[in-house]
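According to TrEMBL, the protein has these features:
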type     : residues : note
TRANSMEM : 12-37    : transmembrane segment
TRANSMEM : 70-92    : transmembrane segment
TRANSMEM : 99-119   : transmembrane segment
TRANSMEM : 125-147  : transmembrane segment
TRANSMEM : 279-297  : transmembrane segment
TRANSMEM : 317-340  : transmembrane segment
TRANSMEM : 361-388  : transmembrane segment
TRANSMEM : 400-419  : transmembrane segment
TRANSMEM : 426-445  : transmembrane segment
TRANSMEM : 457-478  : transmembrane segment
Amino acid sequence: MQGKNLLLRVATLLTGLLECLGFAGVLFGWASLVFVFKTEHYFEELCESQANLTGNVTEQADCKAQDERFSLIFTLASFMNNFMTFPTGYIFDRFKTTVARLIAIFLYTSATLTIAFTSADSAPLLFLAMPMLTVGGILFLITNLQIGNLFGKHRSTIITLYNGAFDSSSSVFLIIKLLYEQGISLKASFIFISVCSAWHVGRTFLLMPRGHVPYPLPPNYSYGLCSEDGPREAEESNTESRRLELKSKEFVSPKEEIPGPGKQREPHSFWSYVFSQRFAWHLMWLSVIQLWHYLFIGTLNSLLTNLASGDRVLVSTYTNAFAITQFFGVLCAPWNGLLMDRLKQKYQEEARMTGSSASAAALRSAVPSLALTSLLCLGFAICASVPVLPLQYATFALQVISRSFLYGGNAAFLTLAFPSEHFGKLFGLVMALSAIVSLLQFPIFTLIKGPLQNDPFYVNVLLVLVTLLTFVHPFLVYRECRRKESSPEVA
C-alpha cells in the first residue's frame, strides 16, 4: 500500500510539473505569438489607415497603432494574471481542488479554442481570450502548489520548482512560432492545446484530491478517484490547526514563545499588517521590478523591430533567443529557495547560541534574496536601456534569472515577515495591488511611441532611478532584524 501511495504521489508530482511547464504561464511568451499574429496580419488595417494619413507606406514596418493594440492586450492579460490571484485563491479555498480545476479547464479551453478560430478579421477577440487563458493558467498553478505538501521536507523545493515551471511555460509560444514557420497553422496548434483539456480532466479526477492536501500530512493519507476525501474534512481542520501551531513555533525563540508575567502579547489585526511600513516597502519592491518585466515582455517585439531596423529575420532570431532563455526559469527558481533555506538555518543556529530573536534571524535570511533580486533587475534594466542589439542576449539572461527570483522571493518573504494565518490574504492583496501598478506599462508604451517619437531613453533613465529605490526594502528589513536581535526582549 505504501509503495502504491508513493507511486501515485510521484505521478501527481511529475504530471503537475508537466502541467505547469506546458500550460500555466504561457502568456509570458507573448513576443513569440505577436510575431505570428503580425505575419497573419492581425490589426494590420490600423497600419493601412495610418499609412494613408501620413502618406508614408514604410511606416508599416513599425506600425505604432498595431503595436499599441498588442501592448494593450498584454497589459490587460498580465493585469489579470496578478489581480485575479486573490479571487482565484478564494475559489480554491472555498470550493476546493476539483471545482477550482474544472473552472480552470473551462476558461483555458474556451481561450485556446477562441484563439484557434480567430483570424485577422476577428482579432479583437484576443482581448477576451488572453485574459481567460491567463486566469485558467493561474488556477492550474494554485491547485498544483499544494502537491508540495505530499513530500514533507521537500515541500519548499517543489513549490519553487513549480513556480519556475510556470515561468518556463512561456516557451510554449516559441514552439508554436517554430511550428508555424514549418507550415503548421496557428489554428492546428491551438486546437491541439484544446484537446489536451481531456488530459487535465483525467488528472483532476485520478491524480488530484477533491479537497485540499493537508500539511503536515496525516498518516495513511490517500486521495484520487478511489479515496474518500469527504470523511477526512474534520481531520483536515485539525491538521490545519496543528500546522499553524508548528509554523508559529518555528520562527519564535524560547524567550518569545511564552510571554512573561503581566506581559500579555497584543494580537495584531490583518489591517495593521497591511498598513505597516514593512508591507508598504515590499509592495513597492515587487511593483517596480514586476513593472520592468511586464513592460519589457509586452514591448519586446516593438523594441527588437526598432533595433533591427525592421529586419524580420533578425527580429525572429532574437525572439527565439528570448523564448529559449525563458525555459531556464525552471532551473533558476529553486536556487533562491535554497539560498534562503541555508541562510535561515545558519542565522537561527546563531540565534539559539546567542539567545537572540529566532524570528528576526529567520526574517534576516530573506535580505540577501531581496537585495540580489533588486541587483539582477538593475542589471537587466540597464542592459535593456542600451540600444545595442547584441547586448539584448545579456538582457534576456538577466531578465529570466531576475523574474524567477522575484516571485519565489515574494512568497517566501511574506511567509517569514507576517503571521501564517494572514499569508493567503496578504499574498493575494500584494499581487492585486502590484497588478494595478503594472497597468502603467500601456501609458508608458504610448508615451514612448507618441510624444517621445520612439525614443525610450528618458523613460528608461527614470525607471532605472526608480529601480534603485528597491534596495531600500532589503536595507530596512536588515536594520529591523539587527535591532530585534540586539534587543530580544522587544522582539
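Glycine is treated like the rest: Cβ placed from N, Cα and C.
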* Structure fact -> Given the transmembrane segment (70-92), its same-chain partners at Cβ distance under 8 Å and 6+ residues beyond its ends are 27, 30, 34, 37, 43, 99-100, 103, 126-127, 130-131, 133-135, 137-139, 142-143, 290, 294, 297-299, 301-302, 424, 427-429, 431-432, 434-436, 438-439, 441-442, 445
* Proximity verdict for the transmembrane segment (317-340) and the transmembrane segment (400-419), three or more C-beta pairs under 8 Å -> yes
* Asked: Would the transmembrane segment (125-147) count as touching the transmembrane segment (361-388), if touching means at least three Cβ pairs under 8 Å and pairs must be 6 or more apart in sequence?
  -> no
* Asked: Looking at the transmembrane segment (457-478) and the transmembrane segment (99-119), are there 3+ C-beta pairs under 8 A, with each pair at least 6 apart in sequence?
  -> no
* Structure fact -> One stretch in 12-37, 400-419, 426-445 has more Cβ pairs under 8 Å to the transmembrane segment (279-297) than the rest, namely 426-445
